[in-house]
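Chemist: Please read through the structure below; I'll follow up with questions.
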Amino acid sequence: MTTLQERVAAHFAESIRAKQEAGKVLVEPTVQAAELMLQCLMNDGKILACGNGGSAADAQHFAAEMTGRFEKERMELAAVALTTDTSALTAIGNDYGFNHVFSKQVRALGRAGDILVGISTSGNSANVIEAIKAAHERDMHVIALTGRDGGKIAAILKDTDVLLNVPHPRTARIQENHILLIHAICDCIDSVLLEGM
């Protein structure tokens, strides 16, 4: 029987290993995602973000880093989390079903050249999948943060989209990597805007 201290230590060790494994495959696609976002934002586009549960919190976290700041002062950047308007979410969910709570907002707010960030640890969240389909209808780019094998989301992405798939089976480790990816993207964007990298 393990002690609570051993369990906590095991979480740290597994989290470190998961990040190291993800880092082996996700550095280049993360840079691609940041460059795609920069291109969108510099052309007066916007970024929409969505997810469920912890992924909804990540979508909101990302939007806050864009509209406010990450670590350094810079201009405000156009990003909206589609997870925050309870009136829209409940009205759409009630009238059209939960699978459409994000896609209806994407169709209302998204324009060609904008970006949808879809976050799903399983890669199989039906409402995120519908949002991606809606984004493609609007000629938007998609940046998908997924886990495990990428799920159904990986299969519907276009060549012009970016897949950031964390190859780990545990939801907690995937979520920890997703927030790391979000922070890395924010840092890349700030580095280009503030330092001309």
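Glycine residues also receive a Cβ, built from the backbone N, Cα and C atoms like all the rest.
Under the heading substrate binding site, Swiss-Prot lists ASN52, GLY53, GLY54, GLU65, ASN94, ASP95, SER120, THR121, SER122, SER125, GLN175, citing sequence analysis as support. Sequence annotations record features per position, and here Swiss-Prot assigns Zn(2+) binding site to HIS61, GLU65, GLN175, HIS183 based on sequence analysis. The feature domain 'SIS' is assigned by Swiss-Prot to 37-197, with sequence analysis given as support.
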Chemist: Taking each of the binding-site residues ASN94, SER120, SER122, GLN175 in turn and counting other Cβ atoms within 10 Å of its Cβ, which one has the fewest?
Modeler: ASN94
Chemist: Spatially, which candidate from the binding-site residues HIS61, GLU65, HIS183 is nearest to SER120 (substrate binding site), comparing Cα atoms?
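Modeler: Nearest candidate: HIS61.
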Chemist: State the Cα to Cα distance, in Å, between GLN175 (substrate binding site) and HIS183 (Zn(2+) binding site), rounded to an integer.
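Modeler: For GLN175 (substrate binding site) versus HIS183 (Zn(2+) binding site), the Cα atoms are 12 Å apart.
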Chemist: Need one number: mean pLDDT over the domain 'SIS' (37-197).
Modeler: 98
Chemist: For SER122 (substrate binding site) and HIS61 (Zn(2+) binding site), what Cα-Cα distance in Å is obtained after rounding to a whole number?
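Modeler: One finds 19 Å between the Cα atoms of these residues.
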